[in-house]
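Colleague: Annotations per Swiss-Prot:
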{"type": "COMPBIAS", "residues": "27-38", "note": "compositional bias 'Low complexity'"}
{"type": "COMPBIAS", "residues": "55-67", "note": "compositional bias 'Polar residues'"}
{"type": "COMPBIAS", "residues": "76-85", "note": "compositional bias 'Basic residues'"}
{"type": "CARBOHYD", "residues": "149", "note": "N-linked glycosylation site"}
{"type": "CARBOHYD", "residues": "319", "note": "N-linked glycosylation site"}
{"type": "CARBOHYD", "residues": "519", "note": "N-linked glycosylation site"}
{"type": "CARBOHYD", "residues": "583", "note": "N-linked glycosylation site"}
{"type": "REGION", "residues": "1-94", "note": "region 'Disordered'"}
{"type": "TRANSMEM", "residues": "115-137", "note": "transmembrane segment"}
{"type": "TRANSMEM", "residues": "153-173", "note": "transmembrane segment"}
{"type": "TRANSMEM", "residues": "180-200", "note": "transmembrane segment"}
{"type": "TRANSMEM", "residues": "203-223", "note": "transmembrane segment"}
{"type": "TRANSMEM", "residues": "240-260", "note": "transmembrane segment"}
{"type": "TRANSMEM", "residues": "271-291", "note": "transmembrane segment"}
{"type": "TRANSMEM", "residues": "329-349", "note": "transmembrane segment"}
{"type": "TRANSMEM", "residues": "367-387", "note": "transmembrane segment"}
{"type": "TRANSMEM", "residues": "401-421", "note": "transmembrane segment"}
{"type": "TRANSMEM", "residues": "431-451", "note": "transmembrane segment"}
{"type": "TRANSMEM", "residues": "465-485", "note": "transmembrane segment"}
{"type": "TRANSMEM", "residues": "558-578", "note": "transmembrane segment"}
């Protein structure tokens, strides 16, 4: 059965896939074809795999419902990237208001869309600036509150715990209510609590306000990517997501720089926390000016009804690509959290041990680390997006493979930096730069994977679920885990100075490996209980610079083991990505067909 013989209500809506595939426009728009052309199509379809869907697209495409038309549509949706869209730069999707135009290139993106993306990127930037401002002044915070490495790591951990616990709540709300209002309330909350926290004189109150900051930030991070997914499709979506995720490394780097320099100028680390709240208030008003696009708008679907939360969770758990990519992303979060929190302090201790660097200033180290982090993000995030767009045209499983490659390359580079930091500053910075660059290949790609293996009405929930898992087993525990391990090692070295050397190194690395594996398999609590107990009694104990350096060095080796584990998760993701993408396409088709039936019955009534 051909497409033209189907009932009008089940006719597939021409989607933005046609922008890159003129054959699809021509075949669906023509009244017939020659017998030779039909024969060629059938031959091509016969050679097409059962999962022959347009894997280069990060959107779900609507397809006919009967078997013959399904096979024809699979053939038509095969990419022909050397053609230009015959209808010009925009393609209007029937069934959507005329204003709903899907841009095919950067020059055709409308002002409203640019404004929305710019605001979301700005808020994401100050989000990560705020998150890592304390890392740039961590030594001053420790000295002011008289706390050890374990308590210093706990500052980030309580923030991330509240962040991940509230993410599912905002994910549920984001799939059902006004997203700009939810984000505005959240940004206002974290701006207010950050400002109030800077005035707290007791560590207990200070850490409580850091936890409240996490609640506010969860509202934004869960929802913002889904708005971008409803505005763009295909390569354009990947480009905009790459732009959005620039903010993670760039904002983190600015957090180190702004935090350290503001504290230096004001001669008080508390002023470092009073910069982002001002920007946050501006962001609240900008967020209220953006329009909330219809969910599924860019994929030719509109007014789709959300399913129950139980159904959403059940579908996500059964989605193997989503679960495995989330596990891989958890490893990315673990490494990024540990490196971002402890990197400046560790590099400072290591370089201070080099001859002639005894008077090195930590503010300068934090500044250099921030610049390197920003440069690695400016290059790594778009490089990952570019590799994805280029390779996925030929290799449908390229996205998870690129992520695995980034983690497996980053692991030895960061290990080398840990070993070289007390002897070669230039080499250390170079290894950290390339290690972070490889790690940053993941950010935009993982977000894109989620968006094309999950149907539009579940995306905010999926974002929240991914945030919950990745932070619960990733950067929620990594700063505290690294701090607790370093405290335990420092205590041992302080009691047994003669153990500092190769024997201690091998033993400590073995302990770190075991702790990293325990974290990945959800047994981290049991593995670190003894470390927490031994570290608690030594918070106020004085350690030498060598002991502090070696404690952090051995603890940070855990990140390399976790990166290898993450690479394995992404390799497994590649085994299921095509099938799960196809399932998401069919799910969107079924939901759209059901909605069309309901609309028709309503019109008849």
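Any Cβ shown, glycine's included, is placed from N, Cα and C.
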Colleague: Any chance the transmembrane segment (431-451) and the transmembrane segment (153-173) have 3 or more Cβ pairs under 8 A, given the pairs are 6 or more apart in sequence?
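Modeller: In this chain the transmembrane segment (431-451) does not contact the transmembrane segment (153-173) - fewer than 3 Cβ pairs sit under 8 Å.
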Colleague: Using Cβ-Cβ distances, find the residues under 8 Å from residue 583 (N-linked glycosylation site) that belong to the same chain and are at least 6 apart in sequence, listing them in sequence order.
Modeller: 319, 453
Colleague: Looking at the stretches 153-173, 180-200, 367-387, 401-421, 465-485, which one shares the most CB pairs under 8 Å with the transmembrane segment (240-260)?
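Modeller: Most contacts with the transmembrane segment (240-260): 367-387.
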Colleague: Just to verify: the residue among 149, 319 with the fewest other Cβ atoms within 10 Å, which of the glycosylation sites is it?
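Modeller: Output over glycosylation sites 149, 319: least Cβ neighbours within 10 Å is 319.
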Colleague: Contact between the transmembrane segment (115-137) and the transmembrane segment (401-421) is defined here as three or more C-beta pairs under 8 Å separated by at least 6 residues; is that satisfied?
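Modeller: No, the transmembrane segment (401-421) does not contact the transmembrane segment (115-137).
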Colleague: Who are the long-range neighbours of the transmembrane segment (203-223) in its own chain, taking Cβ under 8 Å and residues 6 or more past its ends?
Modeller: 123-124, 127, 130-131, 134, 145, 147, 151, 154-155, 158-164, 166-167, 169-171, 174, 179, 182-183, 185-191, 193-194, 196-197, 460, 463-464, 467
Colleague: Quick test of the contact rule: Cβ under 8 Å, at least six residues beyond the ends. What residues does that give for the transmembrane segment (465-485)?
Modeller: 148-157, 160-161, 163-165, 167-168, 171, 218, 221-222, 313, 316, 322, 326-327, 329-338, 341-342, 450, 511-512, 515, 519-520, 522, 524, 528, 531-532, 535, 551-552, 554-556, 558-559
Colleague: Taking the transmembrane segment (115-137) as the reference, which of 180-200, 271-291, 367-387 gives the largest number of Cβ pairs under 8 angstroms?
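Modeller: The listed stretch sharing the most Cβ pairs with the transmembrane segment (115-137) is 271-291.
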Colleague: Under a Cβ pair cut-off of under 8 Å, which of the recorded stretches 180-200, 329-349, 367-387 contacts the transmembrane segment (271-291) most often?
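Modeller: Out of the listed stretches, 180-200 contacts the transmembrane segment (271-291) most.
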Colleague: Sequence-remote contacts (6 or more beyond its ends) of the transmembrane segment (180-200), Cβ cut-off under 8 Å?
Modeller: 123, 127, 130, 170, 173-174, 206, 209-210, 212-220, 223-224, 270-271, 273-274, 276-277, 280-281, 283-284, 287-288, 290-292
Colleague: Could you find out if DSSP has residue 149 (N-linked glycosylation site) as helix, strand or coil?
Modeller: helix
